[in-house]
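Undergrad: There's a structure below that I have some questions on.
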């Protein structure tokens, strides 16, 4: 029995509330159980130097965690004077994941920055950031389209992410913190609305895992992503 | 006529919602018009080195602003690699202001860190941080008292803060961003519930100001602080 | 009786010696009792990016303290790798204070940087920096005028600063370190030669202060600023 | 046809030369085609603070790249003042991968630091670092055992890593730089000598990939890891 | 003819004024022509970690330059966020030079930090720092001896420094900035009062120099050091 | 008897292997006994800002040490977040030394960066870096000449460096680590192939040294440099 009483294939309750921040082109608060992430999309007039004159757009992401988001207060990175390796790894992942849903020619030479700030953490913050970040991105692109700045929709599909793991010997979907800290294998899957894989990251925390176990996790992820994409659609409806 | 349609002596609508973050000892979201600040109080087992063995407690504050909180996205300080001078000045002010309401002998050798993170900014973020930060502090101390860890209540009075300024030649209370960016004189007042002054900071943005003008601002502040203290009481009721 | 034997309304002896550094456009050593600050004004050909093409000039300030200036050696900030929050707060104050005396249109698109380096500290270093910094600024502007580079004098008035506080229950003027470290309320006032207020900063160190106490400090400041402006005039005569 | 003339399932020629650095407890130069990485293992008397008194050992890794290792000189990170996000992500991966082969109870409370410095880069540097890093680790543990400091061998299995990708529509093994910069999907697999999976990381660079494609890459990885483990055994023989 | 009208073997006028800073154990302002350096010696209760329990003392130095000290304002290192390579090289040299005059057993386990801050620069600031720094060190040690804290005098000899160079083809002593920026060869010599060499640093700025030229510079240095040691003695008399 | 069994005037065995790195314009591994340094020369299209439009070229150097190069692992500077004062001092020396052999007009407005990375350290790493760095520079310039990009050879002479010291009272050539850590006086000499001096740096580690001792070290250096220049010629033949 999982600590939360969920079945192995159950997602946590997920809600996505849009229009949270008045200044951002797109914004939402995604809540996956007790993990709450504020995702915003800001339009910026410049692209990075390596894209100047290329006609291509750019989507990038930054990730942060409020000091009180965790069980014991975590140190503010602005005061530490640098982002941790973990933070940088997560924000690189979010950026790659979201760019997989964007036709950068159709976007044109503009940048959209997705900020994902964890307000409260209970496991799975990087996955929630991707799922919520995609909604903020979608809203910002909708605003550009309504303003007549884009001929074609540059977004090619939904993108969402979910974690799976082997907990107590059983493959389970959408680990919360209590499960994550005890899981033997931990994996994150980023997939499109049509089921294509964008990122697969699996780590053995203890014993190595087998091809069969990986396949069981992939099956759970397929079903979890479908649930998250439904939540994205509901939020945008 | 003020841009918001308010009278010179009107506060913006203020709400304080408590219990926002499950991990924090005390937390609230304070909304002063379109300025929204998430305030949390974390108990930490250590005091700074200069207080070890003194028997005295410590209250300190940190301040941050989410990148999308402002009209144009502001750079994440964790990525810039340091807190700006403005951020440091604000968090030093918040800490001094809140310590003015605390009997550090009664608190005993423990530290409470107040984190004030601006979710959305429309002027007056440092004042909202102090007013909301005091509520988070009050809640954390209540939790300590309920746990039987404190003999006496270390909080001696309410503390709240409000800005005033001379806008279009008229002294006005609680400036929003549209007013603040045009005000000739800009002042912040931190006061206790019984009307004592904790901090007075006034700056001429253009021409110097007179003693009479300072007095007019002080009168506005007296009334504004009373309104904010009422909002604190309502939130805690 | 004050530790120095001064009456409550007495300034410390103040001297301002000009022409200290041959390379600087303007320079002076200001000595307020045992607080000694070297102030220089450097002309720089560039204005900050946000002013390019605006036709407006800029005056900015930097503040530092030599390691041996204090009772116990203070760590060199260049070695610590950053300026402390206190240093940044002080240099922001000095810059704002001096800009209040400058007509930036008349100054034209050039920058004057005021460096205030504390050689020896005995309380009131930020106020001495403003009072001395204004003299260095005045000298640099005089040099520009003698070189025929300015049609109109961009300096509109004197600016000086003094601290006041409530020490042993009595409002006193121009606190030295021994008083400052024990004062119940501590305030800094920046004023023009004609008595206008530029900055008012008052902090309760212990109990809150009342409107009457603030008024008593303002009265002391009026008289102290008059004395400091006389010293500025004597130095420039 | 691959740029190098290799068949889809061919590894690059791999050599592992041991005993490169006289001061290191274990060291080797691994050459996978034109990718050359110097791997060293240093014994350190301390474990990180979170392990003090736990009886558990620690294996950690650091990764660097000499400025001239790449086509165009890459900036020295020591001069830039920080390690890039990419560097941190890689060294965290190497550390996790190598710890998967270590019984930390048997290792006892000591730390082994694996340094992987890329002398020349032609794709696949993180995989070469893991495969070579394991050899350096094995040599350092052998030295400890010969010195009588370990009762049981703490190394439980070989660990090696290889990249695979979809290049020109075809799944291929062990991408070099020319292939890597054009591959549609790019994956890294870390596996044990007995075929268990330690890390799986796959990224779509363009279109998403399917479960069938992932399976094809997994098959290639199985065979590649077998070849690399043979090279490790040959080097240690 | 040298720009200053000096003969090849002439030092600039040198004065050393002691007792400049009331808080420092020893202090002086050394003026070598237009190069003015404030040197202070601070006693600190701790030695660096590598000396704890050794019974040995430590003398170290830090060097800084005020922004307005040079012809065009130089950037404040505290704001740049680091000390330049030049600054670190100079302060390492000053520290080594002064330690050469100290019996660290006789000093006992205490640290003396010599701060050398250039108030005005006209060439030769590192040499003036050493010559003046030694006087500050001597004064601090005298204070320790008068306080009865040292059985034996730990200072074994005078130490002073002077620059020499080949200017316009002629070996000259004690280069000022105008000469230094044009000199073909530039050398700094640190010597003891009894003529022993502590540091010799010569650099060809253009063509290499010969053994004969080095010898000519050494002869000039012998005489220059004698003059500086006399100035040290006069200042301490 | 020296620890290595060498006579006072003996160099360590020196070999210089060229063509180590395929991407670098010039590269070599220099081995002076157990000190091994990888030296590369990279051509870069830009010169530093202060040379733009001057028609002059630039040669600069960077120095690093792999963590496992030393007896006990030294901390990676990229992780420490800055280059130590020692590193900066050494790379400034290497740059100055190599520029002494270059006609910067003939080089034209291009930059060559020499990277010297110590693979294994046993004393004398800065000298080996200069001697090997010159070979890398020579090879890069040869490549430019073969590509027809230079009318005249900008390299005017060989440059090499060697350390000498007084060990056990005897002047000896080319100190290894065992000798260097015990030497009373330590000096580094950079000289041209025709015997001119480029840099002379001598330090007393304990007692001051005399003119006679300096002359003995200079004599040893003359002979040592001749041997190193022969090794450079052999490597390039």
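These residue numbers are counts, starting from 1, taken along the chain as shown.
From the backbone N, Cα and C atoms, a Cβ is placed for every residue, glycine too.
Take a look at what TrEMBL says about it:
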type	residues	note
DOMAIN	F:11-140	domain 'Exoribonuclease phosphorolytic'
BINDING	F:86, F:124, F:125, F:126	phosphate binding site
DOMAIN	F:159-221	domain 'Exoribonuclease phosphorolytic'
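Just tell me what is around each of these and how deep it sits.
TA: For the domain 'Exoribonuclease phosphorolytic' (F:11-140), the model's average pLDDT works out to 96.
In this view, residue F:124 (phosphate binding site) is surrounded by 24 other Cβ atoms within 10 Å of its Cβ, with every protein chain counted. Look at residue F:124 (phosphate binding site): DSSP puts it in coil.
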Undergrad: Which residues, sitting 6 or more apart from residue F:86 (phosphate binding site) on the same chain, put a CB under 8 Å from its CB?
TA: none
Undergrad: Name the binding-site residues, out of F:86, F:124, F:125, F:126, that lie close to chain A, meaning a Cβ-Cβ distance under 8 Å, keeping sequence order and answering 'none' if none do.
TA: none
Undergrad: Could you tally the C-beta atoms, other than its own, that fall within 10 angstroms of the C-beta of residue F:125 (phosphate binding site)?
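TA: By my count, 25.
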Undergrad: Using a Cβ cut-off under 8 Å and a sequence separation of 6 or more, which residues in the same chain sit near residue F:126 (phosphate binding site)?
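TA: Non-local contacts for residue F:126 (phosphate binding site): F:63, F:90, F:93, F:94, F:161, F:188.
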Undergrad: Taking the center of the Cβ atoms of F:86, F:124, F:125, F:126 at the recorded phosphate site, which other residues in this chain have a Cβ no more than 8 Å from that point?
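TA: So the additional residues around the site are F:63, F:90, F:118, F:121, F:123, F:127, F:128, F:129.
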Undergrad: Compare all C-alpha positions of F:86, F:124, F:125, F:126, the record's phosphate binders, and send over the largest distance in angstrom.
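TA: It comes out at 13 Å between the most distant Cα atoms.
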